[in-house]
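Report on the structure given below.
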Amino acid sequence: MTEQSSIARAFNDRPTPITAASVQQKPSGMPFERYVPFGTIDLPDRTWPSKMITQAPRWLSTDLRDGNQALIDPMSPARKRKMFDLLVRLGYKEIEVGFPSSGATDFEFVRSLINEGAIPEDVTISVLTQAREDLIERTVESLVGAPRATVHLYNATSPLFRRVVFKGSKDDIKGIAVDGTRLVMEYAEKILRDDTVFGYEYSPEIFIDTELDFALEVCEAVMDVWQPGEGREIILNLPTTVERSTPNVYADKIEWMSRNLSRREFIALSTHPHNDRGTGVASAELAIMAGADRVEGCLFGQGERTGNLDLVNVGMNLFSQGVDPMIDFSDIDEIRRTYEYCNQMVVPERHPYAGDLVYTSFSGSHQDAIKKGFDALEADAAAAGVPVGEYTWGVPYLPIDPKDVGRSYEAVIRVNSQSGKGGIAYVLKNDHKLDLPRRMQIEFSRIIQAKTDAEGGEVTPADIWAVFQDEYLPTKDNPWGRIALSGSRSLTTEDGRDALSTEAVVDGVPVTLTGTGNGPVSAFGDALARIGVDVRVLDYAEHALSEGGDAQAAAYVECAVDGKVLWGVGIDGNTVLASLKAMVSAVNRAQRG
Ligand SMILES: CC(=O)SCCNC(=O)CCNC(=O)[C@H](O)C(C)(C)COP(=O)(O)OP(=O)(O)OC[C@H]1O[C@@H](n2cnc3c(N)ncnc32)[C@H](O)[C@@H]1OP(=O)(O)O
Ligand SMILES: CC(C)C(=O)C(=O)O
């Protein structure tokens, strides 16, 4: 019988292994029966699941409207302006700048953008209004002199809102949308001069909970008034408002609308997800796959309740798939700082692409793979003759190169009790160009592990370097060890054997060490043997630390010293001296106690 099958037999004699039936979860006692499931859409020939997003959608930032309306302390004019300027710099071409009929702050802000010429010619500002005549008039008034402007009109269309908020029939609700659209057109005609390129957006608010055929009916009625056609687009925006279904159901609804809307080629079909179920980004992405041309959201998902769709997240998701988001996220921390200043909100540490910790690994297996990934990337790029920064990205656990969003590699690996040799080796390589041989990585990681086990918490790169120096590299400031090389040395070769003579200090006493061997390392071993140190070199590695005339080299030797196996390190401009120093390092460590 083989050893394996006896293990298998022994295992089979144990009590029954874990099965689904043996994992007994208990009823929560929470009143889940009060909630109604969102159901599904009958669309068996749906096409979106096999679509890929191959180009950026049109983006609309609603930071200054939906984002702003959800703040405890809405943005001051100065903060709004800072946000507007950031959005323009990033490349957003459609920016919802407020709800001018809400009061003087928003109205005056829109006026200031226009009067101060802050709106680039290729940027369209948008303003939101309810479908009420006085509000529409005021809204249109705010736009006088704008180069390009869209009025965005909304009214809720779902059964709950029809019954509870508007207390009206379907026809009443459709009437609000139709009358509102007509009023927007009339006031635009009356108030705006011809120098404003004017657009219109309509949102059946709470689209997600509206019967599809009714949403379609309302949108068609609105279009009958606006009359979209060649050179006369309408934006139909289908919001989740309150995210209440899985993204696939929302995608089905978008595909259904996209298929059934008339005059489709003149419609910019727009998605406006919120994030109540935590799937706003997925809703937007699936909506694009399902036919949405345009995406509305806010930077870092600011917005009502759990927030609007996170524009940075969707844009960077595209980037990470090789699609140009058409928005410049290359300085993500600058975007984050401005966001935090304007909104007085904080981007959490784990926020996709922008959080402090999102490019950082603490755990050993992740760090090991990342280090190997960087090594392979460098080698592959060099072999292809391409700068690393231009080579196809592929580093485990890092979906994008942190440098592409302006981050450094410093925080990629941070060391604590969950870390292994790979992470520690990465820090030494990244910060000090020391490329430790594998067995030495294991030895040194045990030393760091002992520190983290004893002290807990994180070990910073500076801590790691201090421990490394203390362990392997005695310095003038920390001159521990029995033996130190000093003064001059000579190396001569006679009959194929090397004779080495070197000045040293042993136990505080200056001496001359001499020995012979078939190479300087073996000659130095002989010299050490003559003062009673039994040292045998088991492994040896060296590499350059820098380039040029004053280049430094690092040597690593694995030695058996008086029966103890351990590593030593030497750094010097001369490779022979670096290797002798490495042997001294190993001997001193062995005798350090
Ligand atoms: C999903 C969204 O984010 S929608 C955007 C929401 N944003 C905001 O509301 C921010 C700015 N809003 C405001 O400052 C104020 O709401 C104002 C100034 C616009 C209006 O204030 P008020 O006149 O006091 O009305 P209020 O906001 O309370 O609105 C309620 C009334 O408007 C009606 N209403 C609500 N939405 C709409 C709409 N889209 N179209 C027409 N009427 C509407 C309600 O049925 C209600 O009518 P009732 O008074 O006859 O019952
Ligand atoms: C006005 C609409 C588009 C809105 O903000 C929403 O439904 O969330």
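Cβ coordinates are placed from backbone N, Cα and C, and glycine is handled just like the others.
Segment annotation: TrEMBL labels region 'Disordered' over residues 1-26 (candidates 1-26, 417-442).
Checking the candidates Asn248, Asn260, Asn308 against TrEMBL: the one annotated together with Asp66, His272, His274 at the Mg(2+) site is Asn308.
Take the mean position of the Cβ atoms of Asp66, His272, His274, Asn308, the recorded Mg(2+) site; other residues of that chain with a Cβ within 8 Å of it are Thr62, Pro239, Thr240, Thr241, Pro273, Gly280, Glu296, Gly297, Cys298, Gly303, Glu304, Gly307, Leu309. Mean pLDDT for the domain 'Pyruvate carboxyltransferase' (57-333) in this predicted model: 98.
For the binding-site residues His272, His274, counting C-beta atoms within 10 A of each C-beta gives the highest total at His272. According to DSSP, His272 (Mg(2+) binding site) is assigned to a strand segment.
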